[in-house]
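Peer 1: Pulled the feature table from TrEMBL, pasting it below:
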{"type": "BINDING", "residues": "R10, R27, K38, D47, E51, S83, Q87", "note": "substrate binding site"}
{"type": "DOMAIN", "residues": "1-91", "note": "domain 'Chorismate mutase'"}
{"type": "DOMAIN", "residues": "105-283", "note": "domain 'Prephenate dehydratase'"}
{"type": "DOMAIN", "residues": "297-374", "note": "domain 'ACT'"}
Amino acid sequence: MSNDVLNTLRHDINEIDSDLLVLLAKRRRISHGVVEYKIANNKPIRDEARELALLEKLIGYGKSLGLDAYYVNNVFQTILEDSVLHQQAMLQKNLNPDALSETHRVTYLGGQGSYSQLACHKYFSRRPGKLVEIGCSSFDEITGKVENGQADFGLLPIENTSSGSINEVFDLLQHAQVSIVGEVTHSVEHCLLANPDTELSQLTKIFAHPQPFAQCSRFLQGLGELQHETCDSTSSALQSALNTPNSAAIGSAQAGKNVGLEVIKSNLANQSENHSRFIVVARKPLQVSKQIPTKTSLIMATKQQAGSLADALMIFKQHKINLVKLESRPMPGNPWEEVFYVDLEANLADSQVKNALEELKEYTQYVRILGCYQSETLQAVSVNTQ
Ligand SMILES: C=C(O[C@@H]1C=C(C(=O)O)C=C[C@H]1O)C(=O)O
């Protein structure tokens with residue numbers, strides 16, 4: 001086959017890919033029209049029956065075209081997730097026109113290529129407007145800029161599938177004067193990044209934020225005795241590695257490429273599926289439509305009577321409210337007392353939640369609502385791909 005034939009074939013592929021993008025943009029515009037209908041008729045954004053029927057039809061049609069069900073399902077689950085999350089974001093903007101201005105000043109940890117920056121871009125890609133990014137060197141700085149009006153939103157990593165909860169953020173939420181207004185998850189592919197031509201065997205020092213050190217602990221144990229230097233962000237770890245011979249940093253391949261570091265080892269995390277969940281905080285809470293899946297996060301300090309925590313949790317059960325997270329942290333100033341961070345799969349505006357919060361008073365010293373926000377973790381509809 002001559003190069004001309006190959007170039008012609010690639011040209012045809014380029015044409016088809018461009019046509020696909022035009023159709024995807026058109027599909028997204030139409031799905032925005034569907035949101036208008038759902039707003040006018042108070043319909044839930046998600047219609048899983050419709051999605052299932054759609055997928056079954058497309059898988060059947062795909063098979064007639066020689067496309068296997070697994071491939072068709074994967075492609076359209078991605079399209080559906082994007083469609084639903086865009087619709088939810090549109091609905092929320094419609095409900096909170098003042099809160100979501102045309103410019104979003106967002107603080108997050110680190111700088112170019114940090115995982116927080118990647119998560120920020122993912123979250124705000126569905127929220128039209130000018131994004132002004134403000135990199136910070138600590139979690140306190142992130143919330144501080146939101147509290148004093150220098151930023152509209154702050155993005156904080158709160159848990160990771162390899163290292164678990166990020167306690168510093170939970171402790172910060174106990175006193176920061178911010179509300180949780182959103183969440184976003186992002187995959188985290190940790191790589192070992194070093195100056196060009198650096199061999200693994202030459203390394204004497206590793207730079208990283210505490211989280212990558214925790215998430216890659218097993219790989220690092222296998223490297224033997226190396227000096228570990230903790231940095232306040234992945235971005236600063238990369239800069240340190242750039243300026244230190246025979247050293248490396250842990251970060252994303254993209255972050256390394258941005259500063260001229262090369263990947264000398266990838267897939268370092270203890271868990272192959274390594275994802276971080278970030279919360280988005282703002283000075284004021286948002287109203288959240290009952291037409292979308294919602295979470296409510298709160299902090300509670302139970303009374304000291306035996307069984308108070310169990311009694312408090314039973315209230316959620318009695319009101320049929322599902323807990324998706326329960327985290328305990330030391331109560332500041334009372335080292336042997338705990339506060340409990342709770343994520344509810346519920347909308348604060350629901351009467352069940354209001355009644356439960358009222359009944360909680362009997363078993364708690366205090367309950368502080370951290371925020372009610374759109375849940376971004378979409379459960380894909382299950383379809384037969386056999
Ligand atoms: C577009 C709609 O809203 C959602 C998105 C869908 C899609 O992108 O095809 C299908 C069903 C809904 O979950 C709809 O209800 O038709």
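Just so it is clear, glycine is given a Cβ too, placed from its N, Cα and C backbone atoms.
Bear in mind that TrEMBL entries carry predicted annotations, made automatically and left uncurated.
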Peer 1: List those of the binding-site residues R10, K38, E51 whose Cβ lies under 6 Å from any atom of ligand 1, in sequence order, or write none if there are none.
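Peer 2: Near ligand 1, sequence order: E51.
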Peer 1: Whose Cβ, among the binding-site residues R10, R27, K38, has more other Cβ atoms within 10 Å than any of the rest?
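Peer 2: In terms of Cβ crowding, the pick is K38.
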Peer 1: What's the longest C-alpha separation between any two of R10, R27, K38, D47, E51, S83, Q87, the listed substrate-binding residues, in angstrom?
Peer 2: 42
Peer 1: Tell me, how many other CB atoms lie within 10 A of the CB of E51 (substrate binding site), whichever protein chain they belong to?
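Peer 2: Its Cβ has 19 other Cβ atoms within 10 Å.
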Peer 1: Write out the long-range same-chain contacts of S83 (substrate binding site), meaning residues 6 or more apart in sequence whose Cβ is under 8 Å from its Cβ.
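Peer 2: In sequence order, the residues whose Cβ lies under 8 Å from that of S83 (substrate binding site) (at least 6 apart) are R27, R28, S31.
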